Ligand code: PRF
Ligand code: ZN
């Protein structure tokens, strides 16, 4: 089941504010969804995710199929009971992940054959198998099995002909996914994925055919696959708003804070990306005034928190009060720099909390701006502040 209610639309852009209701509860959109590939958002306890205001998280069909496997997932009644997250979960279909295996895979009309990266077993992932796995996982949003058209194919930029053949395969797989999802009587919601590479005409064909299939929601895939930024922005500007207005729109695997604000303006309701969590582990931190490299020696003796205006646990410590509001309990940049140098576990735990808080708070500010009819002013302020530098 899925219900999507549009609450407000921005007159100055394609931005919308809505409520998406799924089997495990409501989600306020626009939303960012933290990535929990292996049934965990790396280093973050579910209660911290809730504290930060996460409303829906991701899981991965491919990884959970490899480990712990379907028998374990089935015995726990799905992913929610296993990872102890009772709010909505979206699972990706495995198509994109199988893709990253490179030379280890063989693709055909039927599906993708590959050797398990865990134990070398020969495996065959098809649209039907992906639906069967996601039904066992009982994720609130199930993604169709697709082929993510790469930006480059065999050393050259993917041609229109190659992109068309890939997009058409994804459409045939969309039909098979829908048939299997229905046959399995899965009670959740299946999303179709628009492909078509960097070609606006192919994107339009993909979109029109998926809309004919009447999915409860739609994703835009095949962006952020190594293309120049202008190409991604072009697809973002020309795709989301052409999807049905009364259905949720999800831009897969995007992006920077700037990409999220632009994506909302382009009419996107849902985002996911490993950037906040992965960058946290590499010491790149997001702040209101730009990005901060924690590994830089200039932080060695700095008593300030990552972002004095931030209200996350890392920046406010026990007080819960930001430095800007007179609190002084936040973990210092000096301490985080030290934890990183020593390879201590607490380092990435705190920086991940901060980065996810930044992304979730950004979306919450966007929602508030849309409700107040101030999205244009919000965008201008966001750009100016981020460009200021820390
Ligand atoms: N397809 C699927 N998952 C994805 C993508 C896609 O195209 C992308 C593209 N950025 C990220 N994750 N199934
Ligand atoms: Zn913080």
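The backbone N, Cα and C atoms fix where each Cβ goes, glycine too.
As written in TrEMBL, here are the features:
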- 14-386: domain 'tRNA-guanine(15) transglycosylase-like' (DOMAIN)
- 92: active site, proton acceptor (ACT_SITE)
- 92, 93, 94, 95, 96, 146, 195, 222: substrate binding site (BINDING)
- 253-259: region 'RNA binding' (REGION)
- 272: active site, nucleophile (ACT_SITE)
- 277-281: region 'RNA binding' (REGION)
- 310, 312, 315, 354: Zn(2+) binding site (BINDING)
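Long-range Cβ proximity for residue 222 (substrate binding site), meaning a same-chain Cβ under 8 A and a gap of 6 or more residues, is found for 148, 149, 194, 195, 196, 197.
Rounded to a whole value, the Cα-Cα separation of residue 94 (substrate binding site) and residue 272 (active site, nucleophile) is 15 Å. Within the set of binding-site residues 146, 315, 354, 315, 354 have a CB atom less than 6 Å from some atom of ligand 2.
Counting every protein chain shown, the Cβ of residue 146 (substrate binding site) has 31 other Cβ atoms within 10 Å. Residues 92, 222, taken from the recorded positions 92, 195, 222, 310, are distinguished by a CB atom under 6 angstroms from ligand 1. A 10 Å cutoff on Cβ-Cβ distances gives residue 354 (Zn(2+) binding site) a total of 28 other Cβ atoms nearby, all chains included.
Confidence across the region 'RNA binding' (277-281), taken as the mean pLDDT and rounded to a whole number, stands at 98. The secondary structure of residue 95 (substrate binding site), as reduced to three states from DSSP, is helical. Non-local neighbourhood of residue 95 (substrate binding site): 112, 125, 130, 145, 146, 147, 148, 173, each in the same chain, at least six residues away, with C-beta under 8 Å from its C-beta.
Of the recorded residues, residue 96 (substrate binding site) and residue 312 (Zn(2+) binding site) place their C-alpha atoms 32 Å from one another. Taken through DSSP, the region 'RNA binding' (277-281) splits into 5 helix, 0 strand, 0 coil. Straight-line distance linking the Cα atoms of residue 315 (Zn(2+) binding site) and residue 272 (active site, nucleophile), rounded to a whole number, equals 24 Å.
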